[in-house]
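Among the features that TrEMBL reports, active site, nucleophile is placed at S181. The annotation FMN binding site is assigned in TrEMBL to A67, G68, F69, D70, K71, T91, N145, N178, K219, T247, G276, G305, Y326, S327. The annotation substrate binding site is assigned in TrEMBL to K71, N116, R117, M118, G119, F120, N178, N183, N248, T249. Positions annotated as domain 'Dihydroorotate dehydrogenase catalytic' by TrEMBL: 50-348.
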Amino acid sequence: MYRFVFTQVLSRFDPEDVHHLTVRALHLLSVTPAVKRLVHRRLAPRDPALRVRAFGVHFPGPFGLAAGFDKDAGCVEAMSALGFGHVEVGTITAHAQPGNARPRLFRVPRARGIVNRMGFNNAGAGAAARVLSRPRGVPAVVGVNIGKTKVVPESEAVQDYVTSARELAPLADYLVVNVSSPNTPGLRDLQAVELLRPLLAAVKEVADATPRRTPLLVKIAPDLADDDVDAIADLALDLGLDGIIATNTTIRRDLDAAGRGGRPDEHWNETGGLSGRPLKDRSLEVLRRLRARVGDRLTLVSVGGVEDADDVWERLLAGATLVQGYSAMIYEGPLWAHRIHRELSRRLRRRGVTDLREVIGLTATGADTLTGGNEGWRR
Ligand SMILES: Cc1cc2nc3c(=O)[nH]c(=O)nc-3n(C[C@H](O)[C@H](O)[C@H](O)COP(=O)(O)O)c2cc1C
């Protein structure tokens, strides 16, 4: 049904207009308590086998909404009701900013991807804090993703992140330092360990000082060299971070899906970050590399090109405790997360698994031999 609506109607409109309309509809859902509770009862994950605990936080299911959809935290309840096990809001910056000029969001449907150069359009940390402090009508796990305000020079980046962290860490179930979006000039340079260490250390001090000690994660780009992925993993361990989110969008275009469906997509070469199916292989590769490096000493959150329960399953087996997605929702519709959790639930039941921990990391380096080879677990 959604696919029909998408191809016949939505795909004819500007993707950002459709996004704003969707956010408005979701907001309406959020301000209608009875409907919100009903939707939550029908669609949110309820199977105890899907529950997962990461960095001290309880998640009703492993699959959550990646950052970038809910920039100003207005859809947390609606997206949780629709079946996401957590919602990562943002990226939020210390100061409100308009983002880049439109058009800045493009579908690349043959490749099942999205290109965006939004540039952290958001109403700022203060506004998000006001939204996040309101009581909620349905349970929701909320990650808050923070980034650098565009006009703030790199030399003042640490203070800018700290300002956001002070506002938002007390309201977050976990906090994410985003240094990996390609659309803020210079942002990804902060991934260099010499710059990243003081930044993460300063934000961690703020996160550690909240009454519940807010878990802190860093989100990295898929375009890092493998050695740099290792260096960030080592740094995260050294600083006592809680986890790593991998990955953000890519600036590469030499990826497998370019020619899918014959002709390349019209907007394939737009400037910006590419997400969705073309990112799948690299995102999985980075996850495997991180798992080989850190084992289960850090929580790994895998994101990039996840389209269905098979993809989520594969990431869990490869060592992710949580998995996120965004782009495929544009092609799959509002029941996407619900369907993924339902299928995962069936899969666990078929195998008699009552605790997701039995699955996480099962096919990560070395584990195959421990379990006597488990090809059958892959599906
Ligand atoms: C339109 C759009 C906006 C995004 N904005 C952000 C953002 O503000 N902060 C962030 O950390 N990631 C952002 N992302 C990246 C996603 O969180 C995710 O890491 C990436 O899209 C890969 O996942 P996917 O293939 O499931 O979309 C954005 C992605 C898209 C498609």
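Glycine is treated like the rest: Cβ placed from N, Cα and C.
Any TrEMBL annotation is an automated prediction that lacks curation.
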Next item on the list: Report the residues of the chain - excluding K71, N116, R117, M118, G119, F120, N178, N183, N248, T249 - with C-beta within 8 Å of the mean position of the site's C-beta atoms, for the recorded substrate site, in sequence order.
Entry: G68, T91, G99, S181, P182, T184, G272, G273
Margin query: Between N248 (substrate binding site) and F69 (FMN binding site), how many Å separate their Cα atoms?
Written below: 13
Margin query: Can you go through the binding-site residues A67, F69, R117, G119, N248, Y326 and pick out those with a C-beta less than 6 angstroms from ligand 1?
Written below: A67, N248, Y326
Next item on the list: Taking Cα atoms as reference points, rank the recorded positions R117, G119, N178, S181 by distance from K71 (FMN binding site) and give the first.
Entry: G119
Margin query: Between K219 (FMN binding site) and N178 (substrate binding site), how many Å separate their Cα atoms?
Written below: 5
Next item on the list: Could you tally the C-beta atoms, other than its own, that fall within 10 angstroms of the C-beta of N248 (substrate binding site)?
Entry: 28
Next item on the list: Would you mind reading off the Cα separation of F69 (FMN binding site) from R117 (substrate binding site), to the nearest angstrom?
Entry: 13
Note to self: Taking the Cα of the residue listed as 'active site, nucleophile' as the centre, which of the binding-site residues listed as A67, R117, G119, G276, Y326 lie within 10 Å of it?
What the structure shows: R117, G119
Notebook entry, point to check: Nearest to A67 (FMN binding site) by Cα distance: which of the binding-site residues R117, G119, N178 is it?
Noted result: N178
Notebook entry, point to check: K71, K219: which of these binding-site residues has the highest Cβ count within 10 Å of its own Cβ?
Noted result: K219
Next item on the list: For N145 (FMN binding site), write down the residues of its own chain that are at least 6 apart in sequence and whose Cβ falls under 8 Å from its Cβ; none is a fine answer.
Entry: A67, E88, V89, G90, T91, I92, V176, N178, K219
Next item on the list: State the Cα to Cα distance, in Å, between R117 (substrate binding site) and Y326 (FMN binding site), rounded to an integer.
Entry: 15
Checklist line | Neighbour count (Cβ, 10 Å) for R117 (substrate binding site) | finding: 20
